[in-house]
Every structure is written in structure tokens, then in C-alpha cells.
Amino acid sequence: SDSLEGDTDLKFLLGGGELLKLRSSSWMKARFYKLQEDCRTMWHESKTCTKSKQTFSIEDISAVRAGRQSEGLRKYTDELLEGRCFSIIFKGRRKDLDLIASSDEEAKQWVTSLEKIMSNLNNLNCQQKTQHWIFNCLRKADKNCDSQLSLEELKDFLHQINIELDDLYAEDLFRQCDKSKSGYLSEEEIKTFYNLLTRRQEIDEIYAEYAKTTGFMSAENLLDFLIKEQKEEATLADANRLIDQYERDDKAKEKQLMTKDGFLMYLQMFEGLVLNPTHKAVHQDMNQPLNHYFISSSHNTYLMEDQLTGPSSTKAYIRALVKGCRCVELDCWDGSDEEPVIYHGHTLTSKILFRDAIKTIKDYAFKTSDYPVILSLENHCSVEQQKVMAKHMSSILGSALITTPLEDQMPTEFPSPEALKGRFLVKCKRLNKLEVYFTREAAAVNDDTLTEEEDEEEDEEHIDLKGVLVFDLQKCKKLKIAKELSDMVIYCKSVPFNGFQDAKDNLAFYEMASVKEGKAIQLAEESANCYIRHNVDKLSRIYPAGLRTDSSNFNPVPLWNAGCQIVALNVQTPCPNMDLNQGRFLVNGKTGYILKPAYMRDQMSEFDPITLTRGPWLQHKTLHIMIISAQQLPKVNQKKTSVVDALVKVEIHGVPADTAEKETVHIVDNGMNTCHLTIGLCFNPMWNENFQFDVHVPALALVRFVVEDYNYAFDNELIGQFTLPFTSLQLGKLVASLCHLPVYRWVSS
């Protein structure tokens, strides 16, 4: 990477070193690890078997954790090795690496160096990522590592990047680039080939239209583009700033001109993307009561896969927290040696220690967001092990754990996310009312436990291993709660839901119910306005039905439309509904908190997403989108011999009146049938299709862009997607927010 050239950490990784790889008490083997020359791929081999060589991408790493933080390292290594241990945590379902260095200093060097290269790659713009991807594929195709490409190696490269040419076309392309007639493409000839590969005819045409100054864009030409195409209220100073920032040709920059390469660089940086860059940072008022926000939430957070036999892991908490989840769930059961465990009861899911989960949550709670984390406890433990739970939370979380109200007098509403920054809230049952903190009588409880009926949330149903719908066995008896655990419940006391009127008459603001998805969706459809008013004062948590043993997800949008804050999803399962959740919380600095519209924070609100009567929520917008083209779409299934037949869908998700979907035609063979090798290699499908959508309640709408590989016999295969709030769209933007995905422009009126 250019920005790390000469860096000592980069040199360390390129040189590599030997580490011990740990899997179990009986499996610990030496492996040599080093960073490849592309600065994005780690290579490792066995010391005893040099034929065994494997690689993984730096971009696949989610985090590097110093010390004995993983379950395996804690279980299979001695405390004396703490400083020599570290773990590499991967995205997706790839197994993590537990590694041991030869010294504390070497372990620190590995962690520091890996984190630096990860940060550097994350900061690359789309054009740089495209270059990395293409050159990485070129290196893979160079089988004999001679820095030249033969005709066969060129064919292999084209296959890697999803281009299938017949032999005559491939030979013609090879001859065009082989200026030396050597039968191989040398470095300069490979660069010529790269330029053919990355040419964007549609961008060329746009650039040519505005490049009126001796074939280049002057600041005045660029300003004209910004105003007419990008719909920006820009000035000449803004245009000059963009030239200074993105032009790579020093001679052009001296004359305040922008070349085509500089123009493409600008288009693929954040100023040119469809997501409003001001919305990437915290831009909402964070001083409203906590329940006035949608809160990113996870269900059965400890599970990596399904709900019946899948593994439980502290890694699942890391993934959820790094994604920005602010409410995580812990299903707590009695364990051996008086240590509570977490797992999905009455199933074969594996178990993790409650203590380990709390340690992991503490370590990763505020990596992505500084705002409060809610620990949603589903408590099935005996009184004695509940006391152990309380002890662990107190000792591990320390002063970050909220154990008394923040206020000097009895509060009437929640504190704000800003006031709770860096703090943990416990959601569980409580022995008494919060008011006892502010009364002299203190409503002393004689016993240190309370016997209480199970509520709906504590009785989440699920499917057992025989496929039978079952409930927690504690339903038939009463649950005792330890006072030590009860005292930690301040702002999120779990109570049953007995209807909106009962809640209004009998529940305090801090008393909240969890409702199963089916019941919640019924309430949202039949009594939406009542639900919205209920959520002005209270918190609501919605969780998936027990029938979802595959950890699938329901659509969260109807629940958000009803003002429900904590819509808990199975974040381990990628799916369209999870895409919507990620899109909802993409903005506002990825804090995990999104302020609800004003009309959903008003106790007298008349808003109903179903009937849509007149009110301030009706702000009709017409969305015009033109899908122009896509670039370098990857082949989803590498085993398929056919080329991608790409199509684009645009979806609107919001109130029922706004929900809509439109799609382009599919382009056969990724646009290869429209290619002309004489003007360059083309594998960029072009649609030039226009869509129009009417959006009545923009504050609740999400826009989802989807690219799929068309299949006439089966379901289309997903290539990529991007979801964002309607109100975070930038006017007139010309390129997608994902590298290698479609170019589009949009206008809202």
C-alpha cells in the first residue's frame, strides 16, 4: 500500500514469522505467516509440510484480539502465556485463529501491524479497491510467478473476474496488448491491458460533455457538473477544493484542471456517493429520552448459527457489538461448579460461561458506538447462581454498570443516550418499584428473593429437538429472583404485556414488555396508533417466533412504523430483512440509535401508518432513479461456468402506501454481447433504465438497491446490495455506494 511504504509494521508483516496455531489441548502446531506483496493477503504454511500453503484476505478479518481472550486460549493455555497470545477474528463463518508468539513483544508487534494494515485497507476508496482486486487476480493468474502473463494465464485471469471469452476473442485481446510480440504480456503491457479492462464508456461520455477546456475539466466546468448533475449548491471554491483533493496529475493540478482519472477518483469518494456524508457522523439530537430512539438489537446473541444444534460463542457477541447492536440477549441457566452458563435451553446448542460473555461484552461494547448497551437477561437460574451473575456483572463492568438512578429525584422519563454514554443497563425482572430509591420507608423486602409468575418474555417458546413446540419448564412453577440481581435493574424492568390500556393505567415508564413477532405485528396492523402512543412513554422489545429454528428473521419495518424501539433480530443470519436493519442503523455515526420522527414522540399523535390521515408525516416526494451501468460484477458461484446475467432491483420499504419494487431487464453474459474489443474490453453491463417512486412518509422509508444474477429456473443469486434511509440520499449522485456495483443517479422532487 502506497500510504504505508517504508513503514516498519508493514516490513514486519512482509517478512513474516513463525507462530504456534492452537486448536485444542492436543493440537498446537507451528505455522509460518507472512503478508503477500499485494499487502492484502496473508499466506501461511506448515513447517513440516511445505506443500500445505493457505491464504486469507486481510479484508476478511473482523478484529485482532490481544491476550487470552478467546474461549480456546483461556481453556487450553496457562495464564503465564497471556502476553504471548492473540486471536484473529474473521467475518462470516470462517474459524478464528488462536495464535501464540515466541515473546510478549512479538505478539504486540503482530497485533499492532495487523491492525494498521486493516485500517489502511478500510480507508481505501472504491477505485483503489478495484485496482487491488484486479491486480490480486492478476497475481493469482501468474502461475509461474514470472511477472508475465501467457495467453493461458490471461484466460485464467479473465475467468477469475467473471469474463468468459471464446478463444478467438481472447487471442485477439492478447495480440492487441502484446506490443513486443514476445508471446507474453510484460509489466507495461499488463498496464495497457488493465486500462482496457477498467475503461468506463459511460463515464467517458459524461466527462467529455463537461470537459470544455482543451479536453480537460476546469474548475468552472466542474462547477457546472456539480450544479446540473449532482444538484449541489456548490461554489467555485468547492470545485477548486475537489481538484486539489482528487487530481493526481501535478501538471493538471497546477493549472486547476481535472483529468478523467481525477474525475473518476472524485466520483468514487464519499462526496460522490449516494449516502449523504454528513449522515455518516452523529448528526441527530442524542439528548432525547432513550425510548425516543430506534435501538439496534440482537436476539439470542450468543448463537452463531441455528437455534437447535448450532454453537454458542463469545464471538457472536463481538460480531453483534461491532455491527453496532446496542441491545444483546443472554439466556442464563444454571451451570456446573456454580458458574451460570448461556445457551438455548432444551436444545443441543453449546454452552458458554456467563462470566466469559460479560468480559467479551465489556471489551467490545464501545468499539463501534459510545452509546449505552442494554443487557437483556432471560433468567432461568437458581437464586444462588443469580447472585453469581450479579457478582460477575458488578466486578467486570464496574462503574460502567447502572445500579442506581442518575437523577436526584424520582424520574418521570428515561435518561438520554448522551447521558448514558459508555454505560450498561440491565433488563430483567425487579423485586420492587424504582420509587424505593426516593422514599424513606424504602419498602424493605424481608427475604432476599421474590416469587413471581413467569411473563411472556421469560417464556419464549421454541422448537425442541423432536420438532415439538415447547415452553420453558418454569412456566409451571414460580420464579425466584435474587435481590442482588434485582437491584441492578433500573430503567428496564421486565413486565408482562396485558394491553395498551393496562400499560397506560398501571405501568411506570421504566416497565417494559417483550412481545413475540406474531402478536406484535397484529397489534401494529390493527392498533398502530395505540402502539405509537404506547411507545412515546415506554420501551417495547419484539423478538422472533420460536418456529424460526433456522435463525431466520421477520420484517422489522412494520414494527418500526408502530414506534417499537427494540426490534430484536438474529444478526448472525444475512438476509433481506437483516439488510433493512443494517440500513436503518447505517447512519448517525453507526451509534445504534436513530431518533424517531417528532410525530412518533408526541403523546397526542394521530399518526397511523396504515390509514395515513393528513398530518406533518405526509411529505410527498417523487424519487427518480436512472440505473446506468455496473462495473466488474463478481461471479457469486465460482463453480459455475456461465457468466453473470445481471439485473438491478430498487426497493422502497416504509409505510404500506410507500412499499414498492422495480427491476431492470437482465443483461445476458454480463454485457459481453455488446462489447467491441477495438475500443476496449467491456464487461460492464449497461441498462439506462428509469424508475419513479412516490414516497409519502420519507422519514420512515428505506431504499434498497439489489444486484442479482438472473436464473430462469431457480431463484436469482444475490451479487450485492446496499440499503440506506431515504432521508440520507444525496441528490443527483452518479455512482453506487459499493465498489463493483451499479452506477445510478437519482433526483427527488
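Glycine is no exception: its Cβ is also placed from the backbone N, Cα and C atoms.
Fair warning: this is a prediction, and the values are worked out from it, not measured in the lab.
Quick look at what TrEMBL lists:
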DOMAIN    129-164  domain 'EF-hand'
DOMAIN    165-200  domain 'EF-hand'
ACT_SITE  His299  active site
BINDING   Asn300, Glu329, Asp331, Glu378  Ca(2+) 3 binding site
ACT_SITE  His344  active site
BINDING   Lys427, Lys429, Ser514, Arg541  substrate binding site
DOMAIN    485-601  domain 'PI-PLC Y-box'
DOMAIN    604-740  domain 'C2'
BINDING   Asp645  Ca(2+) 4 binding site
BINDING   Asp709, Tyr710  Ca(2+) 5 binding site
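Counting every protein chain shown, the number of other Cβ atoms lying within 10 Å of the Cβ of Glu378 (Ca(2+) 3 binding site) is 23.
Lys429 (substrate binding site) sits 18 Å from Asn300 (Ca(2+) 3 binding site), counting Cα to Cα. Local packing around the binding-site residues Glu329, Asp645 was summarised as the count of other Cβ atoms within 10 Å of each Cβ; on this measure the leading residue is Glu329. Using CA atoms as reference points, the binding-site residues Lys427, Ser514, Asp709 were checked against His299 (active site), and the closest is Ser514. For Arg541 (substrate binding site), the nearest neighbour among the recorded positions His344, Asp645, Asp709, judged by Cα separation, is His344. For the pair Glu329 (Ca(2+) 3 binding site) and Asp709 (Ca(2+) 5 binding site), the C-alpha distance works out to 36 angstrom. Note: Tyr710 (Ca(2+) 5 binding site) has non-local neighbours Asp645, Ala646, Leu647, His666, Asn716, i.e. same-chain residues 6+ apart with C-beta under 8 A of its own C-beta. Separating the Cα atoms of Ser514 (substrate binding site) and Glu378 (Ca(2+) 3 binding site) is a whole-number distance of 11 Å. Across the structure, Glu378 (Ca(2+) 3 binding site) and Asp709 (Ca(2+) 5 binding site) place their CA atoms 42 angstrom apart.
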